[in-house]
Amino acid sequence: MKWLKHFQSLHTKLVIVYVLLIIIGMQIIGLYFTNSLEKELTQTFKNNISQYAKQIEINIEKVYDEDNAINAQKEVQNLLNEYANRQEIEEIRFIDKDQIIMATSKQSTRSLINQKANDNSIQKALSLGEINSHTVLKDYGNGKQRVWVYNLPVKTSNDGTIGDVYIEADINDVYNQLSNINQIFIVGTGISLLITVILGFFIARTITKPITDMRNQTVEMSKGNYTQRVKIYGNDEIGELALAFNNLSKRVQEAQANTESEKRRLDSVITHMSDGIIATDRRGRVRIVNDMALTMMGTMKEDIIGDHMLKVLKLEEDFSLDEIQENNDSFLLDINENEGIIARVNFSTIVQETGFVTGYIAVLHDVTEQQQVERERREFVANVSHELRTPLTSMNSYIEALESGAWKDGELAPQFLSVTREETERMIRLVNDLLQLSKMDNESEQITKEIVDFNMFINKIINRHEMSAKDTTFVREVPTETIFTEIDPDKMTQVFDNVITNAMKYSRGDKRVEFHVKQNALYNRMTIRVKDNGIGIPINKVDKIFDRFYRVDKARTRKMGGTGLGLAISKEIVEAHNGRIWANSVEGQGTSIFITLPCEVLEDGDWDAE
């Protein structure tokens with residue numbers, strides 16, 4: 001169907017219109033020319049025949065005016081014989097007033113002389129004395145042909161009609177001549193049309209070429225290519241249109257570049273936003289979602305694109321789009337229960353100037369940490385209040401007992417005062433621990449580091465506890481080579497005191513505390529392991545023992561004088577030394593506390609070099 005497409009092109013249509021206009025024009029001109037030429041030729045032909053008839057009439061009048069009636073017929077015959085060789089004249093007859101054929105120019109019809117002519121046109125000419133003519137078809141042996149019959153009455157000087165000059169003239173030559181002229185005209189028209197078609201293609205091309213270029217450029221623009229330009233062929237309207245089209249293409253290219261730039265910028269902003277973004281169409285179907293939203297919800301993009309936003313956020317049973325549009329409040333949602341992520345969701349509506357809603361946007365702000373901090377703050381306040389209330393209540397009870405007269409009892413009074421002092425010391429330890437944690441949270445706790453021989457440092461701490469705890473066996477596995485580390489001795493002493501004290505407190509039976517120190521020279525790290533044979537910690541609670549005020553067995557810990565802050569302080573101190581502390585425990589088999597710290601093995605002479 002390629003030819004059909006070419007036939008329907010503007011170029012071909014212009015050529016066809018151009019050719020049709022030429023054909024119509026040539027037809028009109030040809031029709032007018034043919035009609036005019038036909039009239040002119042036939043009129044000329046008839047005028048010539050009329051002149052012949054007039055000459056014959058004049059001569060016949062002379063013959064009859066001379067009163068030579070005896071020789072009149074012979075002279076008329078001689079006169080007609082003179083016109084016998086005229087090409088356009090087929091036959092000339094002279095009929096007298098009695099309609100008797102007196103003479104004829106045609107040899108083959110002389111047998112009709114002295115016979116009566118019954119032609120109506122002859123009767124009309126003789127009876128009315130008027131000229132008449134008409135065209136008939138006659139066959140002279142060569143087929144039927146047009147014959148113009150002309151009747152001219154012959155009158156004497158006294159207006160008496162003496163006869164009729166009857167002429168049959170072959171007018172077919174005139175029409176043959178017209179036919180030849182028409183053929184020449186048709187051939188000329190055909191040649192003109194051929195030239196017109198050829199010129200039309202070139203002329204139409206001057207119009208359609210810029211339009212074709214603009215069409216091709218439009219196709220390229222639809223594909224996103226705005227670099228091509230339409231060639232300007234002149235300063236006419238087509239040229240102005242091409243110039244305007246080039247300007248339009250340039251502006252569209254600039255606008256597209258700006259749009260793409262803004263889109264990339266917007267995509268980059270949405271992608272790297274710390275908040276999750278979900279954008280929908282006007283029906284609430286998810287069309288855009290950024291990586292943060294996918295991470296928060298723990299899902300894949302292809303799993304939610306096209307789904308309803310309320311279904312994705314698990315709100316379809318509680319709200320509708322209309323309610324969200326009317327309600328500007330935010331919501332707290334457990335956006336990912338598996339990960340424990342809580343998000344604050346804010347909704348906004350995309351509205352056109354006409355008020356038509358085109359979509360919705362949901363902004364997911366991760367408030368998990370905030371909620372956890374708030375929860376920990378409430379728990380912290382509750383724990384501090386509880387830890388202070390217990391000794392204060394106990395002290396208040398003993399003071400009331402002393403006020404009631406127990407101070408007079410020599411046996412009870414010292415016991416009450418001893419308990420009051422212990423509770424006071426416990427509150428002082430609690431407040432001191434809280435102050436230390438507060439300083440570390442505010443990074444106002446000063447850490448004074450110095451390079452120490454860790455072997456000597458840890459052995460000194462173990463020796464001290466070993467001397468005071470006669471019922472506990474201490475097992476050491478410390479490398480013989482010297483290990484140096486940069487620490488704050490006082491702060492790290494506090495850490496190991498807390499860990500060792502807990503190990504001794506919770507050991508049972510034949511109490512045993514093991515110390516293992518291993519060095520990783522490749523990473524310049526060392527690991528200290530303190531293991532007891534105590535009651536152990538449930539596996540689901542191991543990670544929580546470093547939380548503030550957390551106790552596995554609250555009653556037992558409080559009975560042993562613990563504040564629940566020792567390991568929390570130890571964790572802060574270890575992390576301040578770029579270290580790490582964690583626990584590993586099997587319930588009923590004991591607990592191991594692991595501490596990693598930076599270290600360095602110094603060769604002999606390194607101290608002197610410094």
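Just so it is clear, glycine is given a Cβ too, placed from its N, Cα and C backbone atoms.
According to Swiss-Prot, the feature transmembrane segment maps to 14-34 (among others), an assignment based on sequence analysis.
The transmembrane segment annotation in Swiss-Prot covers 184-204 (among others), and the record cites sequence analysis as its basis.
Residues or ranges marked as domain 'HAMP' by Swiss-Prot on the basis of sequence analysis: 205-257.
What Swiss-Prot lists as domain 'PAS' is 262-333, and the listing cites sequence analysis.
Residues or ranges marked as domain 'PAC' in Swiss-Prot (evidence: sequence analysis): 326-379.
Averaged across the domain 'Histidine kinase' (383-601), pLDDT in this predicted model comes to 81. According to Swiss-Prot, the feature domain 'Histidine kinase' maps to 383-601.
Residues or ranges marked as phosphohistidine in Swiss-Prot (evidence: sequence analysis): His386.
Across the domain 'PAC' (326-379), DSSP helix (H, G, I), strand (E, B) and coil residues number 13 helix, 27 strand, 14 coil. Nonlocal intrachain contacts for the transmembrane segment (184-204), taken as residues 6+ away from its ends with a CB within less than 8 angstroms of a stretch CB, comprise 11, 14-15, 18-19, 22-23, 26, 30, 33-34.
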